[in-house]
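Pulled from TrEMBL:
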- A:124-221: DNA-binding region (DNA_BIND)
- A:3-116: domain 'Response regulatory' (DOMAIN)
- A:124-221: domain 'OmpR/PhoB-type' (DOMAIN)
- A:52: 4-aspartylphosphate (MOD_RES)
């Protein structure tokens, strides 16, 4: 289980984020000011830090710098100041991402997952099939000179198929690996996503997702 | 003290000073002219007269000589006659009667004494009017008698002098008076009017009543640019008032809704479904308010453009890629696919502001793009321009609406589900592109979708 540090001087917001992240299956530690946040981050096993900018005793940028010097963990900055110039300062201090208040709690979770993926130790991040170049760490896809930004599920399906070109995947195993065991969708969900994925890759002539009747799908590489 | 404060007093002082100075220079110049040019002529004239007197004197019998000298004195000459050491003065008396020995000696040798020609030359010595016995021409009347003579200017042309003096005085006084008057009319009064106008403007009244400018001098130009400035201030004030009115309206309506639904929620008998619905509305309205205040802050930053740095070099392709990444959550929510053509292009500008442009255009495009549709992003460059286009395939925008799309608080769709946004995003993008000397345009058709096009100059 991952542990997330949340630092914000507003108790209501702290409580809200804490509850939501617990519900999403993360362990949490909370801090009400910058000094406390820094102490926690440096002494406790923390996997990710969410820091508010405006905090008593020490601001979020200073805490970011302190953590950056000691640990290699993802840091996400929360800012109430809409002044866009703060973001620059956050990146300079070493933050990985930012979110401006007010924010959608689902967006926060989305960003947390993306950060964990990016920091996950993996050696199969880059996949090349035909003209397609996938980077599973940051969900980027290049096809020749084009940058393609696929919706997450489509990317995950493509990554699954591309890791094993020409291998046939049945719908159930795709559902299991992409949506997870708790998902109660139907085969139809897969078909819709595959159709869209085909449309989005229509310009690529080196690969094709083909339907194997009665079995499932596979990614063909044409030479 | 008062002389230092008032321009009209200064004008009077300066003009008087200049006139006094001119008089002094005139006197010195005239005097110098007399010394250099007129003295020998005057001397020659008096010498001729003296010779005349000598001639007549010698021809007259002894008993008529005294009467002759008296009558010469009455024609406007002052002179002294030395008879064996005895001196007798004729005409009006000399101020200085101490005659030098050398003058007497010269005449005693039967030579002519040219006292006028050799009279002292100091710049402040009024040679012509010096009533000095040395300022004469000396001549021997006979071996016992010597004559020292000069013209008496007062007797000869005293009235002329007064006449000239009166003319001079009137000219100078009238000239000074007219100068002061002109200065008042041309300088002081317009400046006073301008001062009054600035005070009015400072007090918030932009109707200054300054008459139309007719003269093209510096003050005319000052007045003209002042009028222009006032008009611009009035326009700024007007648009600011409109802006504040719009903002107030945009803050008021969600607040009213919030209050209304919060009141409703207090009713104990409200069914849970309704509760849920009201809470949702409250959530939407607060989000809208928060977004609005954010953007208002940004707009006020943009209006102070001199504090912003537009000299940053940035890679547009990288920035656009980062912008899409930043929206991956929102794109994923609507299952949107983005195809982007991003060759390396570098521009000079403000990094944060341009990023804001992409964010605002993406926000707009994501809002109107249908579920699971495509967005297209292209980046191209020519020698002079970098062009960015962002296309979504939402419903086409009415041509009428397109015209006002980039105005602050303009809301295109008044009928559809536009409740959760307001009209600032595109206005901000437009303003930022404008600050970069670029253009932001929109084209929208059913077939080709809606395309926002940003063109930035390359330096």
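Cβ atoms are placed via backbone N, Cα and C, with glycine included.
Automated prediction, rather than curation, is the source of TrEMBL annotations.
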| task | Would you mind splitting the domain 'OmpR/PhoB-type' (A:124-221) into helix, strand and coil residue counts from DSSP? | result | 35 helix, 29 strand, 34 coil
| field | Integer average pLDDT (0 to 100) for the domain 'OmpR/PhoB-type' (A:124-221) | value | 88
| message | Quick check: in three-state DSSP terms, what is the residue listed as '4-aspartylphosphate'? | response | strand
| Which residue counts does DSSP yield for the domain 'Response regulatory' (A:3-116) in the helix, strand and coil classes, in that order? | 55 helix, 24 strand, 35 coil
